[in-house]
Structure formats: C-alpha cells, structure tokens
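> Take a look at the following structure, please.
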C-alpha cells in the first residue's frame, strides 16, 4: 500500500483528528494517553524520545515504546529529538511498525535541548533539517511530521514552514511561541503566526498554545483555519478538556490510577500527574503536598490522593451558600481547571524582554523562597543551606579558576593536573594520578622479560634461540 501523504494521511490514517495530546517528556505515557482518549482526545503523541539512545539501547526501546503497544492507543505518533539524519532515520525505522507517523521535535526550548543541540535550537540550520526530513521521507513506510516554534518574524516563520513542507513533512504542528518564550517569560502564543503558516502551506497544520478549554479549541480552529489543536499544559490540569467538562479532580485522579494498575509506568510520572491534577487543592492543603512528594509506592500515592478527596469533601460541606472561589480561580479548588502560569513582576517593562529567567527569579524571590529543586534538597537534608555567604570558600586552580585539589602537588584542579602530570610524566597522589610510578613499574617489568630472538634465528639451533632463552629463563 502506498504511503499516504498530506491531507489524505490526516483524514484517513489520523481519522481527521482535531483534538490532540502533545508530546510531553515523562507525561504523555501510555496510561495518560488512554485516560485522555477516554475523554475526547483523538490523537496522541509519545513523550519525546532521544533518537541516538533509541538506536543503541534495546531496553530504552522496550521501556518507552515496545512494551506500550495497546490497540486502543491509536492513532499514535512517535516523536524523536535528533540532529543527525542517519541516526534519526535508524531510530524511526525501529519505531515505524508501532505507530502511524514519526515526528521530529523542533520545538523544545529547554536548556537540555540547547546542550544536546536539538529541538528549537536547530531552527536556524535549514540545510541540516532539509536533509533529515528528506531522508526520513524517502526511507520510512510512515509519514514524517514536525513540531516547530515560531520566529519573531511572521515571514521567516512562513518560509521555515514551507522549507519543511518541501523537504517532505506531511503534517506541521506550530507552537505559537518563540524559543525564548518559556517559564515565567512564556507570554501568550501568537495565533497570527499560526494563521499565516496555515495559509502558506498545502499540508495539515495543528495549532499549539493558549488552549485552556474546549471554547479555546473551537475559537483557535475558527481564527486560524488549522485542522487540529494540540494541548499540553491544559490537558495535564484537565484531561477532560476536549469533552468540554470540568469534573471533580478525584474523579480523573482515581480513573488514572486505575489505568496505571493495568499499564504500569514509573512512579515519577504518576506523582507528576497528581501534582498537576491536584495543583490548586495542594495550595490549600500544604501538608498533603509534602506527603505526596515523599511517598515511595503507588499505593501510598493513591492513599494521599484519597486523603485529598476527603479534605475536598469536607471543604464542600463547610461551604456557605453563594460562596465564590478564592483568588482568581474560575472554579473551586477541587474542580479540574486551567493553571495560569505567573509571569514576571510588572515593573520596568522595557527591560523585561532581555532579562534571564534566573534574574527574574532572583527579583521575585525573597530569603525564604527557594526553587523546587532546592526545596527537594532541603527536604532530604534539613540542615542544608543555600546562603552564599555560608558556603565554604575554595582555593582556585592556578590555570582555569575551578576549585583546586587540596592535596594537589601542582595546585591545580583535577583536569589541569591530569594534563600536566601526563605531559611531565609525574605523580600527583592527591588526585590519584600515578603516571611516573606506572611507567617505572612498566619498565621494570619489561626488564625481567626474556629477549625475543630475531625471526631468522628461530629454529636454527643457534645460541640464543627462543627455546634456549625460555629454558635459561626457567632454570
């Protein structure tokens, strides 16, 4: 059967999907995809998989795709991050029998993507991307798709999309934010960029960004003309978003935990989902937030979720007639609802665009405010302090400025010490580097070995033959 392309692929293979669950690292696993499908999702993506690891590690393939095969989990698109055409295609060939299409991640804006040179940090390398898409289009039996972020300029975004289409991309998902728009700098996604791309290409387009309710989905389709709408954050806080419902949190939490019993996944995924589902309630019942962070088994997580349900039902019973939700919430905290990410503090707006996320956090923070990672570290070690004035002062390496080894004979860090000790054939006991000692032992060992005769002397019977040398060595 010939490979379907473009709109034919979308209408027949993807069944004209309009409601799409985004690829989310450690969040769009099988159990969550099945829950989302039960509540209106028509197409799901796997979490982003690393192409290079997928090629070389059989266990990684098994844990992240092969063991997650489920008849109800279709249509399904597998997403990879990659920066090498051959590696991308090798990984896709190993995955194509388990999905309906292969997606190339060109939208991840995180620092890990920058270090790994993938995701949105490839968006300026058009020649490389053309080669990756063209090769995949030629070699795969399923279509290749792409998920991108926009450039600040609409015309450049349009040319970018057209380049990917020309290379062989059969469906394009456009996240209407730039790669700089993340965390507290996220801001609103630009549907104008998405609309311009939709008008400029002849393949199906999905929109991503600003989706918090079914009304947003319908408005996005109407305003941009896209074929479908993808949700990530909105789906995590309300998996029934595509149904247009906002049920009680425990209803979906219990249903999800039941699915996890049938389709197990890492505990970290389960915990992360419950933190999202119960987000607003956990602001009220902080003690149970700490409990949810500490528990180590699925049963214990279910117990915390049940305790949260009981607390919510108590809050409901004490609720006075005509009471309104606290703060700016559209519903009471026990109802599934969108989470609006807080932006940077209003102030010097003219400089806000150039400030880093770290600078904003420092501006926002106070002496008691710690990042989530630091809070976790302090939970494990209550005596740990993050006050810079209390940190020990380290002497610096004479060459690079990194902390030097306290017992280094050269007053260097380990890296610089290793280079110098190797170059000078010296020892540094402080760093456990013994180049001189090992050389001396090697030379001493070689001095005790019998001398090998020249090949012309072997078997001639002359003095000094191999047999005589061995014999003399043995006697």
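Here the Cβ of each residue, glycine as well, is placed from N, Cα and C on the backbone.
Curation plays no part in TrEMBL annotations; they are all automatic predictions.
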> Kindly point out the range from 343-388, 389-434 that TrEMBL annotates with region 'Disordered'.
343-388
> Mean pLDDT across the domain 'DUS-like FMN-binding' (21-290), rounded to an integer, is what?
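Value for the domain 'DUS-like FMN-binding' (21-290), mean pLDDT as a whole number: 96.
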> For the compositional bias 'Basic residues' (373-383), give the DSSP counts of helix residues, strand residues and coil residues.
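In the compositional bias 'Basic residues' (373-383), the DSSP-based counts are 8 helix, 0 strand, 3 coil.
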